[in-house]
Amino acid sequence: MKSTRKFGPVVAALAAVLLTGGLAACGNSDTGGGSGTADDGKIVLGFSQVGAESGWRTANTTSVKDAAAEAGIELKFDDAQQKQENQIKAIRNYIQQKVDVIAFSPVVESGWDTVLKEAKDAGIPVILTDRAVDSADKSLYKTFLGSDFVKEGKLSGEWLVENKKSATAEVNIVELQGTTGSAPANDRKKGFAEAIAANPKLKIIASQSGDFTRAGGKQVMEQFLNSNPKIDVLFAHNDDMGLGALEAITAAGKVPGKDITIITIDAVKDGMKALADGKFNFIAECSPLLGPQLMDLAKKVHAGEEVPARIETEETTFTQEQAKEALPTRKY
Amino acid sequence: MSEWKSRFRALAGHRLFWPVVVLAVMLLANTVYRPGFLAVQMRDGHLYGSLVDILRLSAPLILVALGMTLVISTGGIDLSVGSVCAISGAVACLYISKQPDQDSLGAMFTALAMALGLALVLGAWNGVLVAVIGIQPIIATLILMVAGRGLAQLITEGQIITINADPYRAIGLGHFLTLPLAIFIALGAALLIAAITRRSALGMIIESVGGNAEASRLAGIRSGRITFLVYVVSAACAAVAGFMITANVSSADGNTAGLWIELDAILAVVIGGTSLAGGRFFLSGTILGALIIQTLTTSVYAMSISPQTALLFKAVVVIAVCLINAPAFRAKLVRRKPGLPPADVSGDQRKERVPA
């Protein structure tokens, strides 16, 4: 009796954990129905998502779901909640159900060889989306569809080189890096540095991690402003850090977009608004809307067509004028 | 001469002496690196500079750490404060974002009341798990730490809620008497908690529960009630910290608001001299601890230490601070030098029990 009284609330708490953390996992329930190749000739695509950790990711999920419905592809969706074992389990499920194509965004880069081999042995083609794996055997997956982070950094840098080509004095740049060690942070930093090397007047005078968050970006920018009397350019690895930095710049009595040129990456809605308002100067897009491209690829690999091993998400860049035009129709 | 020596020894024996020294050394190091570090200027009628930033940014941590001090004093621990920060911030921002007039004061107070109310419920939930059902505090609050993040995400629907409300912004960014409003809120909370615990027997009762809950109960103290109460207070402090964190950037991010603040708060409490085993607690020490942690973070940025080495740098400083704070360690250092008698450490080392 005593033990049940003790554990009752624990069970309730666990239930609460499952409920709150796992709502998205309800998508699991539709993996049960039907064997893979449905009689109606519909392609069945098993998709394992990383999780729902950001607005970007949510837009990514919505895009995949909408595109599948539009393309007439039967989607089996699974949310891995940032856990590799969940993802491996989901992929094994898809193999058992004999789906036609498997797609997933790997939570981490390593440890996929075994399960990918199983998929290959079962004759099911695999498409990676958004993030890559480090498997040495490239034949384990058909293609990798995702953003090129180096290119995003490079485009940002190239715009700055063009924008500051008439500068006579040195241009002081501060950089807000993403989470230390993450692929987007490393690659964007690299691409940007490569591009601005074209003009020796462009100098990065400070570079710190703002962890991809607004609060982080703001706090770091405050110190940049305190330590460096002359900052001409801010390059932030994502919109959110840039938005945080905006507040720090305003508080320091400077006008964002004028006194300090601001370049960011992502083009989420709040970032686009800031760009349209003239507070940002340039955004390189990192689009989560890869659903339509994924469905195209799924059809192609199912039909046995050859596809390139690396496909970049269709992305663009925005200036202030372009942002004003694009803003009303932005989906995320 | 010997009078000076004994005076210095009395001063060095004060439990706030070493934390103050550490803070001073850190500020000094920053000033050496960049002479303008301590400079404070007047801008638009309020003070502006690194020192003011440190004060403002440490306000949420001070609040959370104050609540944590009371919890730790009873021998417990509250891991859920970060999640409570995220939930309260999310609820407040969500409510304000739905208002036609975001600048209305009434809307802000309704939002704050709703969020604070929810936080009290969450605190009561922790309190019940620990005090009534008797689950170990670290496990009981771990439940809300994990589930609470999910709840915050659920409230924000995985998005970052951006608001444009000046009254709410003021909680994080407003000014009063040229200084950030946030620091006054934190100071007010500190004075309130100090007054309630130190001007009445409550503080001693909390310490006695932490010293020996069973003995306190036998002495006529309702230990369960006290334990329940400290978790509610901790959640309330976390809620206000959550308001500050979200107001600071005018947006609620369920994923990252208040992330890992519980660990910083525990560290602040420990630097402040309160034992994790429970017993006596030191509010002023906790505040100093929070200031030290924020100064450390700011130093990393101000001294442009690369992000890759920043974590290691912080770890080394924290270890140094903890060692300097430990009387046993200092005694060992002193004992090496001949001629000085070993410091008496027996009293500090043991868990400080209040006679039941």
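Yeah, the Cβs are placed from backbone N, Cα and C, and that goes for glycine too.
According to TrEMBL, the protein has these features:
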- B:16-33: transmembrane segment (TRANSMEM)
- B:54-73: transmembrane segment (TRANSMEM)
- B:79-97: transmembrane segment (TRANSMEM)
- B:109-135: transmembrane segment (TRANSMEM)
- B:176-196: transmembrane segment (TRANSMEM)
- B:226-245: transmembrane segment (TRANSMEM)
- B:257-274: transmembrane segment (TRANSMEM)
- B:281-304: transmembrane segment (TRANSMEM)
- B:310-329: transmembrane segment (TRANSMEM)
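Spatially, the transmembrane segment (B:226-245) is adjacent to the transmembrane segment (B:54-73); three or more Cβ-Cβ distances between them are under 8 Å for residues at least 6 apart in sequence. When each of the listed stretches B:54-73, B:257-274, B:310-329 is scored by C-beta pairs under 8 angstroms to the transmembrane segment (B:79-97), B:257-274 comes out highest.
Sequence-distant contacts of the transmembrane segment (B:176-196) (same chain, six or more residues past either end, CB-CB distance under 8 Å): 42, 45-47, 52, 55-56, 58-60, 62-63, 66, 70, 170, 202-203, 233, 237, 240, 244, 248, 283, 287. With respect to Cβ pairs under 8 Å, the transmembrane segment (B:54-73) is most closely packed against B:257-274, considering the stretches B:16-33, B:109-135, B:257-274, B:310-329. Residues 15-16, 19, 60-62, 64-65, 67-69, 72-73, 77-86, 89-90, 145, 152, 238, 241-242, 245-246, 280-290, 292-293, 318, 321-322, 325 of the same chain lie 6+ residues outside the transmembrane segment (B:257-274) yet bring a C-beta within less than 8 angstroms of a C-beta in it. Sequence-distant contacts of the transmembrane segment (B:16-33) (same chain, at least 6 residues past either end, Cβ-Cβ under 8 Å): 50, 271-273, 282, 284-285, 288-289, 291-292, 295-296, 298-299, 302-303, 317, 320-321, 324-325.
Within its own chain, the transmembrane segment (B:109-135) is flanked in space by residues 76, 78, 80, 84, 87-89, 91-93, 95-96, 141, 143-144, 148, 168, 223-225, 227-236, 238-240, 242-243, which lie at least six positions past its ends and keep a Cβ under 8 Å from the stretch.
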